[in-house]
Every structure is written in C-alpha cells, then in structure tokens.
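Okay, so here's the structure we're looking at.
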There are 2 protein chains.
Amino acid sequence: MPIDRDRLWRRIEALAGITDPDRPWTRRSFSPRFIEGRAWLAAEFRASGLATSIDAGGNLVGEWAGTDPALPPIVVGSHSDTVPAGGRFDGILGVIAGLEVAQGLAERGERLRHPLKVYDFLAEEPSEFGLSCIGSRAYAGKLTPDMLALKRADGVTLREAMLAVGGRPDELGSRAAAAPVAAYVELHIEQGRILESAGCDIGVVTDIVGIRRERITVTGRADHSGTTPMAYRADALVGAAAIIEAVHAKALALQAAARPVIGTIGHLVVVPNAANAVPGEVALSLEVRSADEDAIDRFGAELLETTRERTEALRLTVRRELVSHVAPTACAALIQQAAADAARLAGYSSQPIASGAGHDGVFVAATGPIGMIFIPCRDGRSHTPEEWTEPAQAEAGARVLAETVRLLDHRLAAPGPISPAL
Amino acid sequence: MPIDRDRLWRRIEALAGITDPDRPWTRRSFSPRFIEGRAWLAAEFRASGLATSIDAGGNLVGEWAGTDPALPPIVVGSHSDTVPAGGRFDGILGVIAGLEVAQGLAERGERLRHPLKVYDFLAEEPSEFGLSCIGSRAYAGKLTPDMLALKRADGVTLREAMLAVGGRPDELGSRAAAAPVAAYVELHIEQGRILESAGCDIGVVTDIVGIRRERITVTGRADHSGTTPMAYRADALVGAAAIIEAVHAKALALQAAARPVIGTIGHLVVVPNAANAVPGEVALSLEVRSADEDAIDRFGAELLETTRERTEALRLTVRRELVSHVAPTACAALIQQAAADAARLAGYSSQPIASGAGHDGVFVAATGPIGMIFIPCRDGRSHTPEEWTEPAQAEAGARVLAETVRLLDHRLAAPGPISPAL
C-alpha cells in the first residue's frame with residue numbers, strides 16, 4: 001500500500017499551520033493566507049513529480065501522466081480553503097491524501113493507465129462572495145457571468161479575485177462543455193458521528209443529499225400581552241411551536257426509510273420579539289435533506305397539512321416560499337463498489353453512508369461519475385478548531401483512496417463515453 | 001353632570017397635537033415637546049381656576065380646595081407623556097378628564113369636602129432612563145438615590161432631568177412618608193378588547209395585575225444540520241417549542257379562574273440561529289400576569305414539570321431565572337363600588353375588569369386606596385397611532401369619573417386613617 005503515514009500527517013499539519021495566527025484554523029479563499037497555502041502546496045506537488053498548474057477556474061492541479069493518453073483522467077482531491085475558525089482536516093485531508101496516492105504510486109514504480117489528477121478546488125466553503133464550490137462550478141462549466149460579477153464587501157468582483165489567484169475566468173465561457181472525468185473520488189472527514197458511533201473505519205458515500213430550503217411564515221396578530229386575554233389572541237409563536245414539533249416528529253418517522261430524511265428548523269425570527277408583546281409574525285427556515293428528491297419536495301406541504309387544524313384554530317395563516325433547492329447527487333455504483341472492495345482489501349471495516357453536507361462532487365458529477373470516502377472525526381465535530389481525526393484514521397482513508405484509484409483504473413477499462421450513472 | 005363634552009374633546013386633541021411632527025403621536029417624557037405640552041396644560045389648569053404647581057417629584061398638580069381643610073385630597077389624573085409613535089388617548093384622557101371634572105364641578109358651584117387634586121404624573125411610560133412611573137414613584141417616596149443617578153444615553157442623570165422640568169429631587173428624601181390620599185381614581189382607555197367585545201361602556205377595575213418575568217434557557221447541543229441524524233440530536237428549539245405550547249395551554253386552562261392568568265412567551269433568542277445548524281440553545285422570556293400573586297409565583301415551576309419528560313427525552317437541560325416580579329395591586333372595594341354606582345346613575349353599562357397593564361396607581365396605592373375606570377378603545381389598539389376612542393366614549397368615562405368623585409367625597413366621611421384595603 002503506497003501510503004507514507006508520517007509524510008501524510010506532516011503535510012496535513014504543515015498546510016493546516018498556514019493559518020491566520022489570531023483565529024486558528026483559518027485560511028479563507030482568496031486571502032493572502034490562502035495564496036500562501038497554495039504556494040506551499042504547489043511546491044509539494046512539484047517536488048513529488050506532478051505536472052503542476054492553475055486551471056482556468058483557479059483550481060490548483062497536479063497531474064501524473066497515465067500510460068494511455070486517450071483516457072480521461074481519474075481525479076482525486078478536495079479543497080484547501082477553510083471556514084473562519086474552522087478545522088485542520090476539512091478539505092486539506094482530501095488534497096494531501098490525493099497527493100500521497102500519486103506520489104506513493106510513482107515511488108513504487110506503478111503506472112496507471114488513466115492520467116491521475118490531484119485537485120485543490122477553489123473556494124469550496126461559502127466565500128466572501130456569498131458563493132461556495134467556485135472552482136468545481138468552474139470545472140463543470142457552471143460558473144455564470146452573473147456569478148463572476150458578484151462583489152465582496154470591499155468592491156472586488158469574483159472575476160478579479162479569480163485573476164489574482166491565477167485563474168483565467170475569461171476563458172471559462174469557451175469551456176462550457178467541461179472536460180470529462182473517468183472518475184472523481186474525494187476523501188473527507190464525515191463531519192458527523194455515524195461512523196464513530198458504529199466503530200466503523202470507512203464510510204462509502206452513496207449520495208450527496210439534496211437540500212431544499214423553504215421559508216415558512218406564520219402570521220397572527222401582535223397584541224399587548226397584558227391587555228389581551230388568551231382567548232382573544234392569534235399568537236404566531238404558538239403556531240410556530242406546533243410546526244417546529246411537527247418537523248421533528250415527521251423527520252424522526254422518516255429515519256427508518258431506505259433514504260432517510262433530515263428536517264431542521266434552525267433559524268427563526270419573531271416579530272415584534274418583546275417580552276410584553278404577543279408575537280404577531282414568526283418566520284422559520286425549514287431545511288430538508290435527503291437522497292430522496294421526491295421526499296424533500298413533498299415534506300413542506302405534507303408538514304403544513306398535519307398542523308393545519310392547529311394553526312387554523314389559533315387563527316393563524318401560514319405560507320411557504322421556496323428559498324433554494326439542490327437536487328441529490330448519487331455516487332456512481334462502480335465507485336461505491338471499488339471503495340467497499342478497497343476497504344476490505346486493506347483490512348478496514350466500511351459501511352454505506354449518505355453525505356449530509358454538500359461537496360465539490362455535486363458539480364464535478366456533471367463531467368463524469370463521482371464517489372466519496374469518509375473517515376470518522378472525533379465526536380462528529382467539524383467547522384470548529386476542535387475538529388480532529390487520528391493519524392491512523394487519516395492513513396486508513398488514504399490507503400482506501402489509493403486502492404480505490406487502483407481498482408478504478410483497472411475496472412474502467414471500457415473505452416467510449418463514461419456514464420455518470422454507472 | 002358637570003362634563004362639557006366638546007371642551008373635553010378639544011383639549012384632548014389640542015394636547016395630543018403637541019407631538020413630534022415626524023412621528024405622531026410622540027411626546028416623550030423630559031423632551032422639549034413634553035415641556036411644551038406641560039406648559040399648555042398648566043395654562044389650562046390655571047385658566048380653569050386650579051392652584052397649579054410642580055411638586056418635588058416633577059408632577060404637574062392642579063388643586064381645587066375643599067370645604068374641610070383637615071381632609072386628605074381626592075386625587076384624579078394620569079400622565080401626559082407617550083411612548084414613541086404612540087396614541088392620542090393613553091394618559092392624556094385621564095388628565096384632561098380630571099381637569100374637566102374639577103372645572104365642571106366648580107362651574108356648577110359645587111364644592112367638595114375633600115380637596116380635589118388633578119395630577120399629571122411625570123414619565124409614566126418607560127423613559128430614556130429605563131424607568132417608568134417616575135412621578136408616582138416619587139409621590140409615594142419610592143424614588144431611590146440609585147434611580148436618581150440613572151443616566152440616559154447623552155449622560156444626563158434622572159436627577160438633572162427632573163430639575164429641568166421643575167422638580168425638586170433633592171427634597172424627595174424628606175418626603176419618604178408620602179402624603180396620604182383619601183382616594184386616587186384614574187380614567188384610562190382599556191388598551192384591550194374586552195369592553196368593546198362585550199359592548200360595555202365602562203370597566204370598573206378590580207386589580208392591576210402582578211407581572212412576573214422569568215428567563216427560561218433550554219440547552220442542547222449545536223450540530224451541523226446535514227451531518228447529524230435526527231436520533232443523534234439535542235435540538236433546543238424542539239424543547240422550546242414544547243414549552244411555548246405548554247405555556248399557552250396552561251394559561252388557557254386558567255382563563256376560567258376567578259382571577260385569570262395570562263402567560264406569554266414574547267421574546268426568543270436562538271443560538272446559533274442558522275438554517276443549517278441544529279439549535280444548541282434557546283432563551284425564552286416567560287411573562288405571567290394575574291391578580292393572583294400565588295398563581296404567578298407557581299406558574300414557571302409547574303410549567304416545567306409538565307414539559308420535563310419531553311425535554312429530558314430530547315436530552316435537553318432547562319433552567320429558570322427570575323427577571324422581575326411586581327406584585328398585584330388591588331383596587332379598593334369602596335372605589336369599585338362608587339365607580340359601579342356612578343356608571344349606573346349616569347346610565348352606562350359597566351363590568352368588573354382587571355388591568356393587564358401597569359399604571360401609576362401601583363405606586364400611589366402606598367399612600368391610600370386606589371381605583372381605575374376604563375373605557376373601550378377601538379379594536380383594543382394602544383401604543384400605536386391607530387389608538388382611538390369615540391368622543392361619546394370619552395365623555396362617558398369623564399361623567400363616570402365625575403360621579404365617582406362625588407360619591408367618594410360623600411362616602412369617605414369617616415375621619416381617621418384611610419385604609420388602602422377599604
């Protein structure tokens with residue numbers, strides 16, 4: 001197995017250590033710190049023998065040539081940017097492990113038939129432009145002129161910022177038909193507690209869930225709390241409470257489904273929000289995630305059907321508005337199979353798992369089959385300085401990634417077009 | 001009946017019209033606009049034959065001497081300050097009606113045995129010093145040096161502001177034993193919809209309710225909404241929802257009590273309050289109002305007993321903290337009786353009603369028996385520019401106030417100490 005555990009860990013520590021000193025671990029996309037991290041990473045890519053460049057979308061790419069120049073590449077990677085005060089593994093792990101796989105194979109004298117490309121996708125986390133997955137959108141030809149015109153607080157446009165990190169945003173238009181990939185495989189920490197709770201080494205991702213966000217507005221009547229007896233009220237917060245409880249009960253009931261549904265009311269605004277005022281209006285964010293697109297489509301309407309009698313009795317009106325809808329992305333069966341086989345061959349336990357968080361694969365999927373490999377992280381913590389995974393867990397992930405790449409290189413023998421739904 | 005309806009209405013309009021022009025109806029305590037209103041009011045008092053002065057507490061007082069100089073005064077009045085963008089009747093009505101009663105009696109040549117004092121209490125509404133009922137607190141000897149040292153945003157102390165409106169805050173210490181009143185009667189709009197809904201002309205106030213405010217904090221665990229299955233969560237907002245519904249149900253069940261209880265969750269803070277985060281902590285304001293002090297004391301603990309099983313099952317901890325507690329103030333039976341008799345004599349319907357809002361009477365009650373008379377206001381609206389009552393309704397209130405004063409002057413014959421619990 002071509003993985004040098006110590007080198008893998010040292011590189012993770014080195015890249016994570018390039019952080020804003022007053023708020024570890026922070027390396028915001030497009031920032032000087034990010035560019036510093038990129039420069040370190042590019043030097044490591046080059047020193048490992050990879051042909052290194054920045055693509056039009058501002059992604060850092062290290063390429064190891066395959067034996068068959070006609071084949072599309074197998075792509076591995078993730079991202080090197082972080083959220084503010086984030087962790088040391090989210091993103092970094094997938095990039096460094098990808099580098100380790102390429103370098104390890106090369107050091108052992110193994111050649112793949114497919115080119116192997118290691119990607120550090122630009123700005124996967126929500127950026128100062130209000131947009132995430134910028135590099136993978138660009139890769140898939142999905143970064144629009146409107147997006148390039150987005151401005152951050154200091155007036156700089158995304159186009160200008162991409163130029164500053166070495167991208168060529170003006171060439172993106174001509175690349176609308178994105179270069180196909182033979183397979184995209186990303187190693188990532190789980191960011192949840194499922195693997196840890198199950199004592200399982202490897203998660204083979206089945207889907208990146210779809211995310212539907214709706215705004216539910218409950219309208220009653222604001223009144224003076226002291227002078228309005230209970231029977232006269234139309235208290236929007238009481239109706240909102242019934243909806244909050246119904247979301248929880250409904251999602252809990254859908255836990256046992258083949259493709260579970262997660263439902264969350266995470267954001268709530270009460271008007272007027274004063275101790276002595278009966279709430280007149282409450283706006284709730286409903287977020288529903290599932291690999292089952294039909295289930296997330298239906299959730300909101302079914303929900304309000306269950307609470308209608310209650311909210312009407314409270315003299316409230318309730319309306320729903322769509323905020324955003326991202327369809328689920330299925331991981332290719334061929335990649336899931338390769339990852340599960342790879343784990344077994346390497347002596348690790350594995351289980352299927354849905355990714356509840358979004359990843360670059362959602363966009364890369366437009367160019368070919370995608371898959372993801374998860375490793376546990378302590379107590380499920382992520383996007384926080386406490387984010388942690390053990391060296392042995394990171395090593396396990398990198399080994400399984402390497403073996404998955406090997407198996408895919410072998411199994412993706414068939415010439416001709418690659419189906420994203422293999 | 002010594003009420004000149006047109007004069008009453010004209011004066012209400014004239015005083016209300018002294019407003020900040022860009023946000024009617026606003027005459028904030030201590031502001032130049034307030035001082036302008038006071039000057040107009042003092043001129044009206046004087047023109048009506050009342051001996052007019054500012055007392056040590058900064059209250060405007062108009063006195064009409066009685067025939068028996070040994071008797072303590074009957075006091076009528078209310079306040080001339082408003083909330084920002086408030087209404088034209090809250091406060092004003094009671095002062096102008098008090099003036100009308102004194103002037104009307106004098107014009108008819110009637111003399112009362114008791115002195116009749118018309119009060120415009122200083123700063124009944126929450127002031128820029130964060131304190132309400134400043135003048136009535138002062139009147140009752142309850143304005144402490146700590147309160148006088150309160151500063152508003154521009155650094156001015158309450159003591160300085162009281163000096164600027166003609167008060168003598170440094171004399172307050174020597175008046176700690178406040179001058180007793182024979183009776184205090186305040187006419188006010190209901191600020192609710194009980195009288196209007198019942199089609200009733202006059203509310204005879206039985207109590208000014210006690211108000212207890214507690215902070216309830218529900219603590220769970222903040223998690224990423226996408227990566228945390230329902231079964232792993234400790235969602236503080238779901239527990240808060242159960243508490244919100246329980247408050248409503250409990251207070252609704254106590255509506256039929258002899259002294260009903262009102263329970264409100266009006267203010268709520270969710271942390272972190274993001275669409276993609278399981279809420280980790282929710283802070284709720286619980287406000288309980290009732291004339292039954294025991295009931296408001298018990299409410300919070302009983303409430304959490306009913307929700308304990310649910311919040312424990314959700315893995316949440318819940319704690320209560322006392323924010324404030326104002327005991328209920330009973331209106332004197334003698335004044336209630338006089339007001340009910342006065343309504344009947346004047347040909348108006350009346351019913352007992354609790355005041356759900358606080359009033360100056362809460363403090364004046366320390367100096368003698370108090371009572372209040374309510375008239376309906378349209379749709380229960382108050383503290384808003386839409387606040388409205390009809391001229392005939394204002395007239396009814398003033399007539400009943402006049403008749404109540406007459407009856408009390410007669411019935412409060414007994415010499416010796418006046419019991420607040422007559």
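Placed from the backbone N, Cα and C atoms, the Cβ positions cover glycine too.
For the allantoate site, TrEMBL lists A:Asn276, A:Arg289; matching the candidates A:Arg213, A:Arg215, A:Arg344 against that entry yields A:Arg213. Zn(2+) 1 binding, as stated in TrEMBL, involves A:His79, A:Asp90; the candidate among A:His188, A:His224 given for that site is A:His188.
The Zn(2+) 2 site recorded in TrEMBL includes A:Asp90, A:His383, and the single candidate from A:Glu63, A:Glu125, A:Glu403 that the record places there is A:Glu125.
Sequence-distant neighbours of A:Arg213 (allantoate binding site) (same chain, six or more apart, CB under 8 Å from its CB) are A:Ser285, A:Leu286, A:Glu287, A:Val288, A:Leu322, A:Val323, A:Ser324, A:His325, listed in sequence order. Here the candidates are the binding-site residues A:Glu125, A:Asn276, A:Arg289, A:His383. The one whose C-alpha lies nearest to that of A:Asp90 (Zn(2+) 1 binding site) is A:His383. In this structure, the C-alpha atom of A:Glu125 (Zn(2+) 2 binding site) lies 9 angstrom from that of A:His79 (Zn(2+) 1 binding site). The closest partner of A:Asn276 (allantoate binding site) among the binding-site residues, by CA position, is A:His383; the full candidate set was A:His79, A:His188, A:His383. Taking 8 Å as the upper bound (exclusive) on CB-CB distance to chain B, the binding-site residues A:His79, A:Asp90, A:Glu125, A:His188 give none.
Each residue contributes its Cα atom, and for A:His188 (Zn(2+) 1 binding site) and A:Arg289 (allantoate binding site) those atoms are 19 Å apart. Least packed by the Cβ count within 10 Å, out of the binding-site residues A:His79, A:Asp90, A:Glu125, is A:Glu125. Candidate binding-site residues: A:His188, A:Arg289, A:His383. Fewest other C-beta atoms within 10 angstroms, A:His383. Across the domain 'Peptidase M20 dimerisation' (A:210-305), the prediction's mean pLDDT works out to 95. In the shown protein chains, 20 other C-beta atoms lie within 10 A of the C-beta of A:Asn276 (allantoate binding site).
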